[in-house]
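Per TrEMBL, the features are:
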- 14-27: compositional bias 'Polar residues' (COMPBIAS)
- 1-28: region 'Disordered' (REGION)
- 126-150: transmembrane segment (TRANSMEM)
- 162-182: transmembrane segment (TRANSMEM)
- 194-216: transmembrane segment (TRANSMEM)
- 306-326: transmembrane segment (TRANSMEM)
- 338-360: transmembrane segment (TRANSMEM)
- 372-398: transmembrane segment (TRANSMEM)
- 410-431: transmembrane segment (TRANSMEM)
- 443-463: transmembrane segment (TRANSMEM)
- 500-519: transmembrane segment (TRANSMEM)
Amino acid sequence: MDVRFGFKNRRKNQTATQQQESNQTRPNHIPLGERLAEVVLNYFPLSYITWGGPQVTLPVRFVIVGRIKFTLYCQASIAVMLNLFVVKKKWISEEMFAELYAISNALPGPPASQLAFTIALIRGGVLPAVVSFLVWSLPGAIVMGTIGHFVGTVGTTTLPPWVTYISHSLAAVGVALVAFATKQLAGKLMFDKTTCTIAALTVMLVVNFTSAAWLIPSILVSAGLFTYGEHFLPGCIARFKERRTRNSRPFLVSEVVVVVEDAVPQFQENLDAIELQDPVTAPAVITTNEETSDLNIYFSYSTRTGIFLIAVYIGVLVLSIILRQLNLNLAANIFSQFYFVGAIIFGGGSVAVPLLYSYVVSSTGWLTSSEFLMGVAVINAIPGPNFNFAAYCGALAFRGTGWSSLAGATLAWVAIHLPGLVLKAGVLPFWRNYRDLQLVKPIFKGLNSVAVGLMFSAVYLLWQKAISIPGGGAENLGLHPGWVAMMVAAFSALEVWRVPSSLVVLAGAVVGGLAWILFGRV
């Protein structure tokens, strides 16, 4: 029942007038070239000043509709976008920014990249959104692909001794970075017995069955179903018991009549008071600002298009699973492997990078452990999304095959980003119409717990094979006390002193060089 009876029609007319006035200034009425230029000019600096992952977080205070206030600890890139697109440019409202950020974290893929893509989509349309993603992510992908090509050409076993020392030091720093990210994520997502138990079970299974391709998807599905049932089942049981109790006792009509007769005069008095008030000054509890927020949503495709995009996401996911089983050729394997990871991973690049260890090192052997850890250190030292790590892995996977490393880097980079962006674009029309995720939120409690367990597993697996040795093998980091000390120092710098990850990686490279000067030349 709508309690705004008297001014409901007037509010509709007022909203229609605002909608008509807003249409005159909507960016979609601006020529496409100007919208593209606007996106490029605003997004280009972000690709050089924002770092992915949880290593740098800033407190961001949201104020929604002037009444609801809360603080989120966001990635530095999220804070930069909030300041630019909400505070300065006013492209979207704070309420919309908070909702889009929450959806980005609830969907698979990199949250920061999805948020940047979505803001451009809302602001200028589909093509400007695609351009914004390329401007945002491509510079870092080019750097990572180039480094992967260099490592694949030279190799880690034929590197000069001084480079080997630096790579070992960076491997120790890489373990520290993953451990720090795990600690940060666990502190936010492991908050009760259920989440801790799911994470612990994930660790126990993953460290013992690392190469089982079915394991991680099975854990994700099981955890999501369990937390969904845990959330809704008690309420269903309570309602069932209440219904049985109500049906078993006599129904006293006289009591209900008395209650209704007492309540109707008071309810009518409240309605009369509301009717006399001006719509603008009516109490906040009976008004809403959703119409105003919706005026800032500029993308125009329908829910039917959204359903099509979601179907594409699911269809390509099924295809990638089939291709992984068929093992047709390297190109198909790389696309299916990275699309699969991008489609099932929740928590962004900080989770995807350790998870990739199972798919590109343990099960396929495309990378060695030392190459993987070197890439982990580099991706944390340069700006841009952590999902750009896929370009590094793709370039290395194509070495010695006659294919260009650029082709492998491009294929892996596109494949890992594609599912998250397609799914986010498919969900947006439903978000616009319903703006309610209450039914699916319990599922993500289980998925996030699995993500934490996967990161704990990654710390153990990376520790086991962190140091490369002649002949292409790898040794346990614990066999090298000097590099253990480097790892502890790096973790302390990140956790205690809050040193930016880029500076920690740079310091690790310097320490590796000094270690070669002091010990390697003897």
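Just so you know, glycine gets a Cβ as well, placed from its N, Cα and C.
Residues 51, 53, 55-56, 161-162, 164-170, 172-173, 176-177, 377-378, 380-382, 482, 486, 490, 493-494 of the same chain sit 6 or more residues outside the transmembrane segment (500-519) yet have a Cβ under 8 Å from a Cβ within it. Across 126-150, 194-216, 372-398, 410-431, 443-463, the stretch most heavily in contact with the transmembrane segment (306-326), judged by Cβ pairs under 8 Å, is 410-431.
A contact between the transmembrane segment (410-431) and the transmembrane segment (443-463) is absent, since fewer than 3 of their C-beta pairs, 6 or more residues apart, lie under 8 Å. Where the transmembrane segment (194-216) meets the stretches 126-150, 162-182, 372-398, 443-463, the count of C-beta pairs under 8 angstroms peaks at 443-463.
With respect to Cβ pairs under 8 Å, the transmembrane segment (126-150) is most closely packed against 372-398, considering the stretches 162-182, 372-398, 443-463.
Within its own chain, the transmembrane segment (162-182) has Cβ neighbours under 8 Å at 53-55, 156, 350, 353-354, 369-370, 373-374, 376-378, 380, 452, 455-456, 458-459, 462-463, 466-468, 477, 480, 483-484, 486-488, 490-491, 494-495, 501, 504-505, 508-509, 511-513, 515-516, 520, counting only residues six or more beyond its boundaries.
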